[in-house]
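Below is one structure, written out as structure tokens, with a few remarks after it.
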């Protein structure tokens, strides 16, 4: 009886940890460091940088704190 309870608890914990979609929102890369996009660093170069560090893809978008500045963002590895 106790082993069944522990197996169910283990299953719930693993399913929560392995649920896809938890890291699909764009985040600055690396966290805390904003790479500005502009004439010298385009969306194509941002994508190349992000895929080189192991992320799925990258793109340039307005910065969260300063919307007038465009920053490089990467999608999570999931």
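Just so it is clear, glycine is given a Cβ too, placed from its N, Cα and C backbone atoms.
Swiss-Prot lists 37-60, 46-72, 50-74 with the feature disulfide bond. Annotated signal peptide per Swiss-Prot: 1-23, in sequence order, evidence recorded as sequence analysis.
Swiss-Prot feature annotations superimposed on the structure.
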{"residue": "37", "record": "disulfide bond", "Cβ within 10 Å": "22"}
{"residue": "46", "record": "disulfide bond", "Cβ within 10 Å": "23"}
{"residue": "50", "record": "disulfide bond", "Cβ within 10 Å": "22"}
{"residue": "60", "record": "disulfide bond", "Cβ within 10 Å": "20"}
{"residue": "72", "record": "disulfide bond", "Cβ within 10 Å": "25"}
{"residue": "74", "record": "disulfide bond", "Cβ within 10 Å": "24"}
Three-state secondary structure, which DSSP defines for residue 60 (disulfide bond): strand
When distances run from the Cα of residue 60 (disulfide bond) to each of the disulfide-bonded residues 46, 50, 72, 74, the nearest one: 72
Mapped DSSP class for residue 72 (disulfide bond), helix or strand or coil: strand
Distance [Cα-Cα, Å, rounded] between residue 72 (disulfide bond) and residue 37 (disulfide bond): 6
Spatial separation of residue 37 (disulfide bond) from residue 50 (disulfide bond) - C-alpha basis, Å: 13
